[in-house]
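In TrEMBL this protein carries:
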- 24-44: transmembrane segment (TRANSMEM)
- 64-88: transmembrane segment (TRANSMEM)
- 108-136: transmembrane segment (TRANSMEM)
- 157-177: transmembrane segment (TRANSMEM)
- 197-224: transmembrane segment (TRANSMEM)
- 299-324: transmembrane segment (TRANSMEM)
- 344-374: transmembrane segment (TRANSMEM)
- 394-411: transmembrane segment (TRANSMEM)
- 431-454: transmembrane segment (TRANSMEM)
Amino acid sequence: MAPVEHDALAVREQLFHERVRECIICALLFASLYILCHFIITHFKKQTDFAAVHDDEDAAVNRIALGMCTFTLAVALGAVLLLPFSIISNEVLLSFPHNYYIQWLNGSLIHGLWNLVFLFSNMSLVFLMPFAYFFTESEGFAGSKKGIMARVYETSVVLLLLTLLVLGMVWVASAIVGNNAASRQSLYDLWEYYLPYLYSCISLFGVLLLLLCTPFGLSTMFTVTGKLLVKPRLLEDLDEQLSCTRFEEAAVSRRIASGKTSCWLNLNVGLLREQLLAIQSKRWKLERRHRASPWQRNLGYPLAMLGLLALTGISVLIVCFHVLELLLDDAAMPRGIQDAPLGQVSFSIFGTFGAALQVVLIFYLMLSSVVGFYSSPLFTRLLPERQDTPLTKIIGNCVSLLVLSSALPVFSRTLGITRFDLLGDFGRFNWLGNFYIVFLYNMGFAALTTLCLVKKVTWAVQEELLRAFGLHKLPLPVPRSRPLGERC
């Protein structure tokens, strides 16, 4: 064999082995996420929806829908880990450029993961989750033989009609917006135009949802942290408060007991029971704070609050700096690239520390957006309950989490949290090139987050100072409904 042919064969073998290695790594990563998500959904699903009888038709339908929900949740978790994994991989390649054991971590693998997440996100949102919902609600066409296939036929027909309706709406909207020859020609290209355009709209909705949920979630996290951790109190005696609460509880208990045994006392036992429950709840909180160690009572809560304040303040500063960059440099606009230049340059001016901070901020913003989503009045009903979540609510949660997580890379890049450019089809969204949308989005996030932060911290400090000096016990002035000289 000639040397040239031998070199060409060696190159083809190397490409083949790299492709097989990337497929194995992607399969192992997704299998791990799928198993983890299966345990999560099993923890929350309602047991009555998944009977142990294998011949039961409804149980089989629920198991199929459960598999689709698990797949969708695994894709959502993969979308959350996508950007942090890419940033960490770049820093690892920068730190160990010639290490043999990390040569598998290359741009081709990262680019393939981005494309797979984009493909599976489209497939889950457009096909799997609608199919799972209609499949659980279907019963088969009237007059047809009952069974799984009858439900599959009905679900397929309903899903086809829904797809035609959505495509028709997109076609009409595109024809109205872009009234030129190029736009009309692109209307007939399903794969290159319809799906990216539809996913661009979904991504824009997800990014707007993140914008609204994240500041609200940051405020909620401050409140939840105050409830979970023991808060230090100024100028208070826990032993005295606990003794008074116990005496008060004993007095109310005796009044309730005397009201039951005596017919001469006219007591509202129901009102006393409510008062007793309130006193017991107060006593439990005081005992919990009394059992806490001085380190936990004096350092745990302040350190947690300082951590939340620091992460929130750094996020706002980064966004404000990104706003200035948008005004001065066009390169600050979020854009997509085709080749991933991993291992060449760090995506943070602070090196490895900055990259680690970017990863922490990405996870922090995602966590705050999820907390804000489930704390908002519109989506409180979607909050899953342990061993008591029906299948339809599981489907709604999977769809919501997928919309939020698939918009996280675009959200982080649009705000300037990271400099890692969007790979694959994530950078093809039409609205990413609109300066006014990106600029207003950054300004909205900075304004809402700053407002929630200042409002939450100011109220917390004011409440603590009023409680410390006993001013919260003063009677509030009652406003007069009419002037003094006016007669009744």
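Just so you know, glycine gets a Cβ as well, placed from its N, Cα and C.
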Beyond the flanks of the transmembrane segment (394-411) by 6 or more, those residues with Cβ under 8 Å of it:
41, 44-45, 65-66, 69, 72-73, 75-77, 79-80, 82-83, 117, 121, 124-125, 129, 132-133, 136, 202-203, 205-207, 209-211, 213, 334, 362, 365-366, 369-370, 373, 379, 382, 384, 422, 426, 429, 432
At a Cβ cut-off of 8 Å, and with pairs 6 or more apart in sequence only, do we get at least 3 pairs between the transmembrane segment (64-88) and the transmembrane segment (299-324), yes or no?
no
Does the transmembrane segment (299-324) reach the transmembrane segment (431-454), going by 3 or more CB pairs under 8 Å (6 or more apart in sequence)?
yes
